[in-house]
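Single-structure report; data block below.
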Amino acid sequence: MLPSQALLLAVVFALTALQALASNTFMAAVYEHAVILPHPTQEPVSPGDALALMDKNMDVLEGAIKEAAQQGAHIIVTPEDGIYGWRFTRESIYPYLEDIPDPAVNWIPCTDPSRFGPAPVQERLSCMARNNSIYVVANIGDKKPCDSSDPSCPRDGRYQYNTDVVFDAQGKLVARYHKYNLFLGENQFNYPKEPEAVTFETPFGKFGIFTCFDILFYEPAVVLVSKMQVDTVLFPTAWMNVLPFLTAIEFHSAWAMGMRVNVLAANTHNTSMEMTGSGIYAPAGARTYSYNMKTEDGHLLIAELDAHPRLSPDSPPAVSWNSYALSVERFSQNDHEFTGTIFEDLFTFTELTKPAGNLTVCQENLCCHLSYKMAEKRDDEVYVLGAFDGLHVIEGQYYLQICSLLKCPSTNLSTCGQPVEMAQTKFEMFSLSGTFGTSYVFPEVLYSGVQLAPGEFKVLADGRLINQNTTSKPVLTVTLYGRWYEKDPPRTDQASA
């Protein structure tokens, strides 16, 4: 590189940093990527074939990164599994892995690619960041050798980690995170021995990073926000949508609101696996998002965020989630309660039989209170108020407290809790609250067609989730999704695979 080129890059980086500092905001980007997948095989392919597949995916990501930079983005997040996919055994993923060093080594792979052995993926990602003066967040695989001196060392003599990396606008590796909460089927990877709370400073705020399934657990997700006080969470994910509470856009935006932090969520795109839904979320709601089950296209999202959202006048107030619910008497003694299953969890339901009213439903120590008024009570649609207070045990074990107003798929009450994507009933008013035992509650409002409702609802300081005006679209669900981390069972799946 000529000295003049190096000087120009330095000037561009400095100007970008000064601009972010001056405005106290920054431009964020996420890219939902339709990953080019490898052919399923039990046997490892050659390193050359592995790199060829990864280069195909990086070709697409590079185009998105260039476009984001041209539109003024300071940072871009790409998805989990976005470079090589997910069809692997422990053995077959090995050719796709690289040795990713601790960022403390002060390394720019773009200018010194062979310092830690072959690292063509890290080199290319570093150059994407450097050549476009943008922070780049990507998900790749890390490999670390071990031997018999380590009692946890796997039989094949190496640890393999699902890993996020961050390169700054000069191409330097500034963050490395090993995924702590692996999802079912991620047998190709090891659990790190301890959770990693990875943060890094930028001219536009303090950032933390974790991956996909991590968001449902205390470590590292809550630790980064509550203890490390990050401003923005970077969130590569390969999220399979599950109605009515766990679609990507619904839960990730709710988590940003509940934790009062920015979240940059980049999902993979694969409609056959129900994977879609990316967004740029602020504590006050979604700045932009995308949910597309109709085509197989990737999608770039860009939006402006406050660099320090806790200091923003738009930041919502702190919430005492059970304050209102504990202060009121039970609204009604309903003799028509029934049970139904949502994602294998047994809820207690009561039907909204009138166009307007006040209802309470309880389960264990949780009572959910709802005041509501429908724009019109339809004979062909049924809504229920549901409560769940217990341990979820399907794809992981974690304790939930949930209050939800939701639409049933049909007028047959036995269908209540099953997924439904379309509705016709609007609400002039709703107010939902619960006697939560946890302070970690995430407010969700999902409209017909699996659409968010930014700016149309808010949470009051006493824990009530209310609408601002008549809902602009029919309602699928209004939910307070509580996580009681202290009641989670201890982990038993540490270290080796």
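Each Cβ is built from the backbone N, Cα and C atoms, and glycine gets one as well.
Listed in TrEMBL:
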ACT_SITE  E80  active site, proton acceptor
ACT_SITE  K179  active site, proton donor
ACT_SITE  C212  active site, nucleophile
DOMAIN    31-307  domain 'CN hydrolase'
SIGNAL    1-22  signal peptide
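The average pLDDT for the domain 'CN hydrolase' (31-307) in the predicted structure is 97. In sequence order, Y161, N162, T163, D164, F189, P192, F210, T211, C212, F213, D214 make up the list of same-chain residues 6 or more apart from K179 (active site, proton donor) whose Cβ falls under 8 Å from its Cβ. Within the same chain, residues at least 6 positions away in sequence whose Cβ sits under 8 Å from that of the residue listed as 'active site, proton acceptor' are N139, N162, D164, T211, C212, P236, T237, A238, T268. C212 (active site, nucleophile) counts 26 other C-beta atoms within 10 Å of its own C-beta, drawing on all protein chains shown.
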